[in-house]
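Participant: Here you go, one structure.
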């Protein structure tokens, strides 16, 4: 019953918060499933490219054979298993996590410019990790991940405290408050890095990098990301109704406060765990949901899975480009994503300006 109600209401052209359903490219269920399959194939192909790029003397067939028949007695297998695969898996899961966190954040705030990076959540997680690295250098990775979640939570509460006072200009106030808090916490992180002689170790991390990621880190973060992803996907039908407006959601029996609370928890878990692994990579959570919305529509039941897959593909390919840009040296992946993301963010700000914010 609720499914058919969502379909009927989602046929409207405009939604609360400045979203639109016009111009959707993929309408049919078959087309959507094919699109997800194409994304899955593209992700696998991107992962194979990421594993093989930069390995001297390895042809494509040899790389695939090595992947299928790993033999730790060979140097090629060791490089692929211990260095490349953890990095690629990290790019996949964090890319999906950042994209899904942006999708859910835009859903619970009904703000088309909402993103964990822009609202200071990533900066809060980064600051907490920097703080622990300076004062608790022997802290386990699970401890760092918990600190990142706590830092993300505190930053989110501060931003919401400053940015959500006036309903009329709530969206733009959230963005301004998020930018201010993010800048402040980033400055504190950089200052602390210099004061404690950590700038060399943390410079790549704060910029967003997948360099040096190992299997223990990936294994530690994956269960938490899976929990957050499941919560985000389960909330998708409710977010679709919430996108129609507060009154419409209440009229359809949605507990708006509970949906927003669980949504925010999922966002904080996605952002905190991802930032603890790869650092503060911004703009994935704002670029991908908008592109996915244009392709598959504003229904979060379709939008959330598509955004997660697209985020994974984007971060894997961005990491490949970052490694190739000034090989054999690494370029921070977050810096490359920001180069792509800033112009798109400015365009979205312009298109969603005025009364829509």
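A Cβ is built for glycine as well, from the same backbone N, Cα and C atoms used for every other residue.
Just so you know, TrEMBL annotations never went through curation; they're auto-generated.
Keep in mind the model is a prediction, meaning the values are calculated, not measured.
Grabbed the feature section from TrEMBL, which reads as follows:
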- 32-56: transmembrane segment (TRANSMEM)
- 85-104: transmembrane segment (TRANSMEM)
- 116-137: transmembrane segment (TRANSMEM)
- 143-162: transmembrane segment (TRANSMEM)
- 174-196: transmembrane segment (TRANSMEM)
- 258-291: transmembrane segment (TRANSMEM)
- 303-325: transmembrane segment (TRANSMEM)
- 331-350: transmembrane segment (TRANSMEM)
Participant: Between the stretches 85-104, 116-137, 174-196, 303-325, 331-350, which one has more Cβ pairs under 8 Å with the transmembrane segment (32-56) than any other?
Facilitator: 303-325
Participant: Find the member of 258-291, 303-325, 331-350 that has more C-beta pairs under 8 Å to the transmembrane segment (116-137) than any other listed stretch.
Facilitator: 258-291
Participant: With the transmembrane segment (303-325) as the reference, which stretch in 85-104, 143-162, 258-291, 331-350 has the largest tally of C-beta pairs below 8 Å?
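Facilitator: Per the Cβ under 8 Å count, 85-104.
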Participant: Counting only CB pairs under 8 A, let me know which of 85-104, 258-291, 331-350 has the most with the transmembrane segment (143-162).
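Facilitator: The stretch with the most contacts is 258-291.
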Participant: Which residues of the same chain, at least 6 past either end of the transmembrane segment (331-350), have a Cβ under 8 Å from a Cβ in it?
Facilitator: 91, 112-113, 118, 204, 207-210, 278-284, 286-287, 290, 314-315, 318-319, 321-323, 325
